[in-house]
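Here is what TrEMBL says about this protein:
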- 25-43: transmembrane segment (TRANSMEM)
- 55-76: transmembrane segment (TRANSMEM)
- LYS118, GLU119, ASP148: UDP-alpha-D-glucose binding site (BINDING)
- ASP148: active site (ACT_SITE)
- LYS285, ASP309: Mn(2+) binding site (BINDING)
- ASP451: active site (ACT_SITE)
- 521-542: transmembrane segment (TRANSMEM)
- 562-585: transmembrane segment (TRANSMEM)
- 652-671: transmembrane segment (TRANSMEM)
- 683-705: transmembrane segment (TRANSMEM)
- 717-735: transmembrane segment (TRANSMEM)
Amino acid sequence: KQAAKITVMEVSTPLHSRRLMRCVAMNRAFALAYACAILALLYHHALTLLRSTTLISFSMSMSMLVADVLLAFMWATTQSFRMRPVVRQVYPENLEKVVKREAFPSLDIFICTADPYKEPPMNVVNTALSVMAYDYPTEKLSVYVSDDGGSELTLFALMEAAKFASHWLPYCREHEILKRCPDAYFSSNDLRCSETEKIKAMYESMKTRVESTVKRGKVSDEYITSEEERQAFNKWTRGFTRQDHPTVIQVLLYKGKDKDNVGHAMPNLVYVSRQKSRTSPHRFKAGALNVLLRVSAVMTNAPIVLTLDCDTYSNDHQTPHRVLCYFSDPSTRPKLGYIQFPQRFRGLNKADIYACEFKRLFQINPLGMDGFAGPNYLGTGCFFSRRAFFGGPSSLVPPEIPELGPSHITEKPITAQEVLTLAHHVAGCNYENQTNWVTKMGFRYGSLVEDYYTGYRLQCEGWGSVFCHPDMPAFLGDVPISMDDVLNQTKRWSIGLFEVAFSKYSPLTFGFRSMGPIMGLCYAHSGFWAILAIPITIYAFLPQLALLNGVSIFPKVTDPWFFLYVFLFVAAYSQDCLDFILAHSTFERWWNDQRMWLIRGLSSYFFGSIEFVTKQLGIATQGFNITSKVVDDEQSKRYEEGTFEFGVPSPMYLPLAVAAILNLIAFLRGFKEVFWGRSFDGLLLQVLIAGYVVLNSIPIYQAMVWRTDKGRMPTKTTVIATFLVWGLYAVVYLYH
């Protein structure tokens, strides 16, 4: 009866709507025309192979064929996002007409951090405070912070946050603050009110204590204000290390006891550091999230779960209302597994020189997936139905104890001894042994990119998802501001994506059977991301080496096939640029995005592919590296100026330097041959490709030659790259 009542009310009070984007027909027509052009190109390659008369001509033709086949495959996967993109609209103003505020479901919020020196505790504090201040019944909010670094510094920061929250939360309610992250609020507002100045002084005082404690590396006795706090820090004994320590669960705020300074109940705030042992696998972030899933089930077991990275703060206090517009709809609720918000960032420089916005990955592609089964899980800013972690919509996988089940009702206080005892038990490092948590429940193991893999497996089980993309960003995160951090991040993603793509759950096999070809291709696009290293490397070196030796490998200008190559290049880049412009980006940001596409292909994709292969062969690899969120003042200044940062030595810079030098030499030599040596007809395409690489390599030339700051490319890398170029040219010349 209640469901029927809600359905009737929704007819006059819609909670959400969706519509197809206007570009659908144009996208499909373009895909058909471009596919015909690709087939013609492959036919041309086949003819060229058949006409090859020498081993070197056959090898070059085969290499170009392999490159174009892989590019064609990745283009085909991209079209899956363009077949049915949709735009959604929510109407949170209608929510309380359908669901009364007192009937809102409980919400558990998971925040993950792993290293207080790479992920500053003040970032964790700001993220926690921003979601604790949601416009939501505080008695139904619970915030769980996973500290996978097991650091007393993070616990101290959260203790300080709990004290500050008693003033910050009522201040936000009284003044109806929209952006409730303290750091963002105080950075963007002119303080004219004495109360605001007072609350800012409290925040700055807290920030000073936390940052001085982190710098010292130890919690000073003068900052410990109660016996309860002292007992909590006493758990960090001499044998307590990052890799080997017992479970620590500390309830910092409890809604049944703690009040803010005006008498309102505070939301729950719980610190969790799971047990670690050198002899047991900890499974990185997925393992930490599963511990939070179990600990929260024992304590509060809210039906909705929000996952956040430690640097991703809430930018809109009404975000949960938007979420409930979907979860409160009986027509979508039964199979709705999660609602994903786009990852958006603060601190991007005007040109986004490192393409860290990932416009296509985080904003454009999810719109295309939303027209079918829904977007993938992007790792942060995602609201899950807890039920989705326990089997498909029609096939519940029961946990090993009833207290962990999604329908379990928690009745005891989270501070009760038996609740804490069970919470410690389910956070143990060996708890998952011989259970379904490894394969069938929770966040999925088997890949470094647990977000991609978890979302993929949930959708294969039959769960749907929704992409909620409001005009105001729901969450804002930080971006890496050095080339080394950017490339290491995408290298880690490349390895994790390959782990899924080449497993028994490959999107091209398992995904096709479970979700259909379109969604399978959507997931294949990400899964085989790093395979682009092959065609990018071939196009960055082979035409240029041939050009230096005066060998033509592309059709002549007078050959009709020449115009096929021109069409394929210009049409693909034009459509990609148009997608960016329509997604409210700029031409400058698009240009830097395609530049970084080339850079990643020669560095992080290339090295990620090698590391994946060595990992499969059982050779030890680097493992999981946390992207640093610490901001250096000089780096930050160069980033704001749009200057590339190459200061940290890295082997990934070497192929970039080699390609930049080789293409410059080839372009200058080819330019001379084309315009003064009467080779215009045969070598023009190779000169244009070399020139295109040279144009994209300008920041690399600056870092190698002209700059004197700390962000320049290491001299050793430049010298080695120069010798490699001349050595490579000598070998090819002698062989030719």
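Cβ coordinates come from backbone N, Cα and C, glycine included.
Note that this is a predicted model, so its numbers are computed, not measured.
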To the nearest whole angstrom, state the Cα distance for the pair GLU119 (UDP-alpha-D-glucose binding site) and ASP309 (Mn(2+) binding site).
-> 10
Within the same chain, the residues at least 6 apart in sequence whose Cβ is under 8 angstroms from that of ASP451 (active site) are ASN376, TYR377, LEU378, GLY379, THR380
Counting Cβ atoms within 10 Å of each Cβ, the densest environment among the binding-site residues LYS118, LYS285 belongs to LYS285
Could you state the CA-to-CA distance between ASP148 (UDP-alpha-D-glucose binding site) and LYS285 (Mn(2+) binding site) to the nearest Å?
-> 8
Most CB pairs under 8 Å with the transmembrane segment (25-43): which of 55-76, 521-542, 562-585, 652-671, 683-705?
-> 562-585
Give me the stretch from 521-542, 562-585, 652-671, 683-705 with the greatest number of Cβ pairs under 8 Å to the transmembrane segment (55-76).
-> 521-542
Chain-internal residues near ASP309 (Mn(2+) binding site), provided their CB is under 8 angstroms and they sit 6+ positions away | ILE111, CYS112, THR127, GLY379, THR380, GLY477
Mind checking which residues of the chain, 6+ beyond the ends of the transmembrane segment (562-585), have their Cβ under 8 Å from one of its Cβ atoms?
-> 23, 30, 34, 37-38, 40-41, 44, 75, 357, 359-360, 363-364, 554-556, 593-594, 685
Taking just the CA atoms, what is the gap between LYS118 (UDP-alpha-D-glucose binding site) and LYS285 (Mn(2+) binding site) in Å?
-> 15
For GLU119 (UDP-alpha-D-glucose binding site), the number of neighbouring Cβ atoms whose distance to its own Cβ is within 10 Å equals 25
At its widest, how many Å does the recorded UDP-alpha-D-glucose site span between Cα atoms of LYS118, GLU119, ASP148?
-> 12
Other than its own, how many Cβ atoms are within 10 Å of the Cβ belonging to ASP148 (UDP-alpha-D-glucose binding site)?
-> 23
